[in-house]
Amino acid sequence: MTTNTVTLQTAHIVSLGDIEEAKASIKPFIRRTPLIKSMYLSQSITKGNVFLKLENMQFTGSFKFRGASNKINHLTDEQKEKGIIAASAGNHAQGVALTAKLLGIDATIVMPETAPQAKQQATKGYGTKVILKGKNFNETRLYMEELAKENGMTIVHPYDDKFVMAGQGTIGLEILDDIWNVNTVIVPVGGGGLIAGIATALKSFNPSIHIIGVQSENVHGMAESFYKRDLTEHRVDSTIADGCDVKVPGEQTYEVVKHLVDEFILVIEEEIEHAMKDLMQRAKIITEGAGALPTAAILSGKINNKWLEDKNVVALVSGGNVDLTRVSGVIEHGLNIADTSKGVVG
């Protein structure tokens, strides 16, 4: 593959070469996740060929492990010796914690005091020190930065980092390996590291691949920034897609997104719940809210059919770390509003 004029605009931030190097760097650690065809989304909804990229089957249950492992692999021996630190309420924390365990590095994770007990325990399970501090993520982040400065630890950012973006971009290379003639790729978006990496990989190969970002109506800082062409914050309420609950996107990720992403779709909370339920019922896939965003966009009918009908489409299921109580609630709500016993399965 060669870098084309489209991706040259953002090559100073992250390039195809960075992603190919990341692929080699993280290969011993990650799982190459499956890409499966959804008969339901293909035959009954889009009249296209819709495939699901199952990052919910990645180690730690999320794509975040890719970026975290690539970033940490590139630290100097001195940085590794002093230890690493991250602020996260969920998937990034587990990605950092597992990588640190595999490489024998001391890691500290600072979580908001409101972090779900299940995610606290999962992170501690990797032998990582977990500190609960702050009533919201901003307070948590500020405390984490203080600790890093005091102790000389290296911060592993969840998205606004070249090596993190490159690690996430390896998903794009895997998609191309499986479906070289993919037409449309639909990606959940929070801070933007995932879509920035994937867009770089895909557009380097074929600039005509249509890349769609999906966010919740409640929290869509990146979509707002994309259409205003200026870094902007947006959050009016919480979202079931908590993995994408990022008020202000990254500065570096935004620069990549504004050049390489084609459009954004916004979905409401009920549409995300419906997608989670349908993925469970039809495809037998358990996903968190963020992982259901691309499917929600397809089911909502908000994507122009020209990008779906007779096209090879990939919808990314970014993670599956969801509390069982939430799964139970989604199922119960779904059963109350629809008959889920009929229709195409898969």
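Glycine is no exception: its Cβ is also placed from the backbone N, Cα and C atoms.
Just so it is clear, the model here is predicted, and its values are computed rather than measured.
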> According to Swiss-Prot, Phe59, Thr60, Gln94, Gly125, Tyr126 bind AMP; which of Asn312, Asn321 is also listed for that site?
Replying inline: Asn321
> Within 10 Å of the Cβ of Tyr126 (AMP binding site), how many other Cβ atoms are there?
Replying inline: 20
> Once the chains shown are all counted, how many other Cβ atoms turn up within 10 Å of the Cβ of Gln94 (AMP binding site)?
Replying inline: 26
>> Is it possible to get the count of other C-beta atoms within 10 angstroms of the C-beta of Thr60 (AMP binding site)?
In response: 28
> Using Cα coordinates, what distance in whole Å links Gln94 (AMP binding site) and Lys64 (N6-(pyridoxal phosphate)lysine)?
Replying inline: 8
> CB neighbours of Asn321 (AMP binding site) within 10 A?
Replying inline: 24
> Just how spread out is the AMP site if you go by the largest Cα to Cα distance in Å among Phe59, Thr60, Gln94, Gly125, Tyr126, Asn321?
Replying inline: 16
